[in-house]
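Marked as (2R)-2-phosphoglycerate binding site by Swiss-Prot on the basis of sequence analysis: 163, 339, 368, 369, 390. Annotation source Swiss-Prot lists active site, proton donor at 205, citing sequence analysis. Per Swiss-Prot, Mg(2+) binding site is recorded for 242, 287, 314. Taken from Swiss-Prot, the feature active site, proton acceptor covers 339, and the record attributes it to sequence analysis.
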């Protein structure tokens, strides 16, 4: 039978060596699910709360034993006897058990671990792949990878202000070829950086983290690497950026302090800069181009670039339907970044994706900078036919685990698998 008979959480480590929550769920019939919870470095002000212990003598205050105990002592007794396939009812129970707007009582890291482990146990009970359980028979779209190959900002110890510079192999015929193209460009970039005497150590998300003369130089260097790898920038491969601009926004003067370049810009000047970069380079996506509370700036950016560039809200929307609804109403952005730990349950995550699609917004399924070997987001990307996934460079097992899972899914789907490439950006004038 599909009834839950045991729930157990433990403290494990993520890709940065920080503690995180792992949850296991068992059913009466032997169904089993395990989930590991990711963690972000640049976090949005309105994200659900990630509960940390605060004991400075243990993991520098970053322990998660409180969240683990919340699963084992509070959530587990309430879950026992539930039908594991009742995902919506279970998520509703978890939300009500916490009782706060931001999941600050039990912790989003505790709640999410349970939510995903339940889904995995249900898929195991039914003996079907996770993506099929989550999305049904119509789960067939492999995502275009958004591969972060130059790291800056909070993800690297260098002088680059923009947090992520990414490549998107939109000209590939399928996911397998897209991954090959991305990997070859990644290796090409390493040789380009080496030839310039630049650092080829990698950052949190597997991308290179060199000191560069400017943010624009990162774009120039990536274009050079694409060409050196034998591909055509703008035709076969597009560029994307995650500015994570809340990290260099100064609340006191309301301006953007690009310390790597020694430049201070207003919102309008930031929009001018993005417009200039889009005119020079094949950029198809910009994430968090302005501060999460700079709604007027985001509106201006959308007015200027929204018809030809995907404008993704991460800190802006935090996978939250209330924040997304506000953005839709105000004509801000045209895409949402989906991070399961920003909101805390699978049900709320899927609600945000559905709202985005109804409004003509795209959805980008995303990892966090502190990741694990858990590959759930790969299944979510296919389950929702989102068409895009952002999960780092083809480097470090915590990133590659997601890409390898997508390769497996593409094999399982065989001739029914779809890869939409440039058509993924259905709401742009391409």
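Backbone N, Cα and C atoms are what each Cβ position is placed from, and that goes for glycine too.
Annotation note: the residue listed as 'active site, proton donor' sits in a coil segment as assigned by DSSP. Fewest Cβ neighbours within 10 Å among the recorded positions 205, 287: that distinction goes to 287.
Summarising the environment of residue 390 ((2R)-2-phosphoglycerate binding site), the number of other Cβ atoms within 10 Å of its Cβ, over all protein chains shown, is 30.
The recorded positions shown are 205, 242, 287, 314; of these, the one with its CA atom nearest the CA of residue 163 ((2R)-2-phosphoglycerate binding site) is 242. Relative to residue 369 ((2R)-2-phosphoglycerate binding site), the binding-site residues 242, 287, 314 all have Cα atoms farther than 10 Å away. Within the same chain, the residues at least 6 positions away from residue 339 ((2R)-2-phosphoglycerate binding site) whose Cβ sits under 8 Å from its Cβ are 38, 40, 314, 318, 319, 366, 367, 368, listed in sequence order.
Residues near residue 242 (Mg(2+) binding site) in space but far in sequence (CB under 8 A, at least 6 apart, same chain), listed by position: 148, 162, 163, 164, 166, 286, 287, 288, 312, 314, 390. If you draw a 10 Å sphere around the CB of residue 368 ((2R)-2-phosphoglycerate binding site), it holds 28 other CB atoms from the protein chains shown.
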